[in-house]
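This report refers to the structure that appears directly beneath it.
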C-alpha cells in the first residue's frame, strides 16, 4: 500500500489544501470546507484503489460528498477487475478531514491543514460524530502518561521523560469553557498553556516532533479527528489515548446529541458496548499498515501554508508510514491554470 498510493495521497491533500487556501481570510468557512471536500474527492477518484470512507463529512443524508460509507477510487467501479490489479482491488478504509480548522482558514489564522489517514479494511476505528477526551504526548512518554491520571501527574511524568522542568512544558488546549478547570490545573502545576480555537490534529502531531515547543495535547475535541490523530501518532511512536464523551453536560454544547441516554443508545447500536473505554492509538488505528498525510492550508507548527505567486502556488506536506517507518516532508511547487486548478511541476 505504501509504495502503490503513497505519492498519490500526498497529491490528494495538496489539492484540498490549495482549493481551501484560495478562501483564506474571506470569512466563509463553509465555502473553504466545501471546495476542499470537492478537490479531495476528485483526486481520490483518480487513484487506482478501492476505498471506503469511514470518517468523513458526516452521515450520507447530511453530507453530499465524502460521507461515511462512500466508495472512492477508480477500482470501485463495476468493471474494475478489467483494469485494476489484485492489489488495487483490496479494500482500504479512509479517514479524512479536507479542511481541519475551517474557522482558522476563514479568519486567516494559523494551524489549518488538509489531512487523511488510510489503512486496510477494518484498520481504522469508525468513530461516531461525538466528542473525545484526548491525551497526546511525546514518544519518550509513551505508555507512561495515562489519560486516567490528573494533568498534574502527567506533566510530572512528561517532564521526567524529557529531562526538563515542568515550567518548560507547553500544553495545547482548545479554547472552550469546558476546559477552564483543566487550564487552571495546568498553570498551577507550573506548565504553560497554548490555547487554540480549532485544529487539534496539528497539535497532537506536533507533540511527536522535537523543536515544536509543544509537549502535550489535553482536553476534549471531536472524536473523528481523534482517530486521525491516533493514526499519525501510532506511525510516529508518540502517545495518544482517547475516550468517547457522550454526556452533553460535559461538553457544554448541544452539538453532541439531545441527551446522555440517547447518545448511549446510539453507541450501543454502533456495537460500542463499553462507552467509557479508554482507546490506545493502536486500537484507534489498528491496521497492519497505516498511512497519514497532511498539507498545510495556513501556516502551522510543522508545515507552512499554501503560498500563492503569479502562475503558481507552493505547498508543504508530510506523509507518515508504519510500513516504511518514515516521515517524509514534501515541498512542492504547483503550476496554476486560469481556473486555479493545481498541476504539479515535473
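Here the Cβ of each residue, glycine as well, is placed from N, Cα and C on the backbone.
For 33, 57, the entry in Swiss-Prot reads Mn(2+) 1 binding site, with the evidence type similarity to another entry. As annotated by Swiss-Prot, Mn(2+) 2 binding site applies to 97, 100, 225. Among the features that Swiss-Prot reports, substrate binding site is placed at 100, 101, 102, 131, 176, 177, 178, 198, 199, 200, with the record citing similarity to another entry.
A map of Swiss-Prot features onto the structure.
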residue	record	CB count, 10 Å
33	Mn(2+) 1 binding site	22
57	Mn(2+) 1 binding site	25
97	Mn(2+) 2 binding site	29
100	Mn(2+) 2 binding site	27
102	substrate binding site	24
176	substrate binding site	17
178	substrate binding site	16
199	substrate binding site	29
225	Mn(2+) 2 binding site	25
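Taking CA atoms as the reference points, residue 33 (Mn(2+) 1 binding site) and residue 199 (substrate binding site) are 14 Å apart. Among the binding-site residues 57, 100, 225, the ones whose Cα is located within 10 Å of the Cα of residue 199 (substrate binding site) are 100, 225. Highlighted in sequence order, 101, 115, 199, 201, 222, 224, 228 have their Cβ within 8 Å of the centre of the Cβ atoms of 97, 100, 225, the residues recorded for Mn(2+) 2, and are not part of that set. The shortest Cα-Cα distance between residue 100 (Mn(2+) 2 binding site) and any of the binding-site residues 57, 176, 178 is the one to 57. Reported as a whole number, the C-alpha separation between residue 57 (Mn(2+) 1 binding site) and residue 97 (Mn(2+) 2 binding site) equals 7 Å. Residue 225 (Mn(2+) 2 binding site) is 13 Å away from residue 102 (substrate binding site) when you measure Cα to Cα. Across the fold, the C-alpha of residue 176 (substrate binding site) and the C-alpha of residue 97 (Mn(2+) 2 binding site) stand 21 Å from each other.
A gap of 24 Å separates the Cα atoms of residue 97 (Mn(2+) 2 binding site) and residue 178 (substrate binding site).
Across the residues annotated as binding substrate (100, 101, 102, 131, 176, 177, 178, 198, 199, 200), the two Cα atoms farthest apart lie 21 Å from each other.
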